Amino acid sequence: MLAAALRRCTAAAAARGLLHPASAPSPAAAVCSIRCYSHGSHETDEEFDARWVTYFNKPDIDAWELRKGMNTLVGYDLVPEPKIIDAALRACRRLNDFASAVRILEVVKDKAGPHKEIYPYVIQELRPTLNELGISTPEELGLDKV
């Protein structure tokens, strides 16, 4: 992985003339550096959502996989869709892990950042699931005042 990153950086530097300023890069070098960045397929939003819903809907998911999945999901530069959070909350319920369910809601609020309209929308969309599963929001528990 590191070697691939170094190759991309070296190819990009060579294309800009930083490694060998005396000679101009050939058109083939420029094409090569562009192609290095475009390998693999790009996942659509629907495919991304379906992948995570499927991950959290696994009937044999354990607590470690739940935490690993949420940690990975939180690492992305996005607020998860309500259907992904719904699947994660249902996984928490299957595992009887109330603390993780509340933590997921806290993380969603944190990921929304300064966009104050996102978290209320997510809670509104999740309200039927929260009521069905008996999960309280951090605000209902008073955790937002701590």
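Glycine is no exception: its Cβ is also placed from the backbone N, Cα and C atoms.
According to Swiss-Prot, the feature transit peptide maps to 1-37.
Among the features that Swiss-Prot reports, motif 'SIFI-degron' is placed at 2-16.
Look at Swiss-Prot and you will find Lys83 (among others) tagged as N6-acetyllysine, backed by a large-scale study or a structure entry. DSSP assigns Lys83 (N6-acetyllysine) to a helix. For Lys83 (N6-acetyllysine), the number of other Cβ atoms no farther than 10 Å from its own Cβ, over all displayed protein chains, is 16.
As annotated by Swiss-Prot, N6-acetyllysine applies to Lys109 (among others). The Cβ of Lys109 (N6-acetyllysine) has Tyr119, Pro138 as same-chain neighbours under 8 Å, each 6 or more residues away in sequence.
Swiss-Prot lists Thr137 with the feature phosphothreonine. For Thr137 (phosphothreonine), the same-chain residues 6+ apart in sequence whose C-beta sits under 8 angstroms from its C-beta are Val102, Leu105, Ile123, Leu130.
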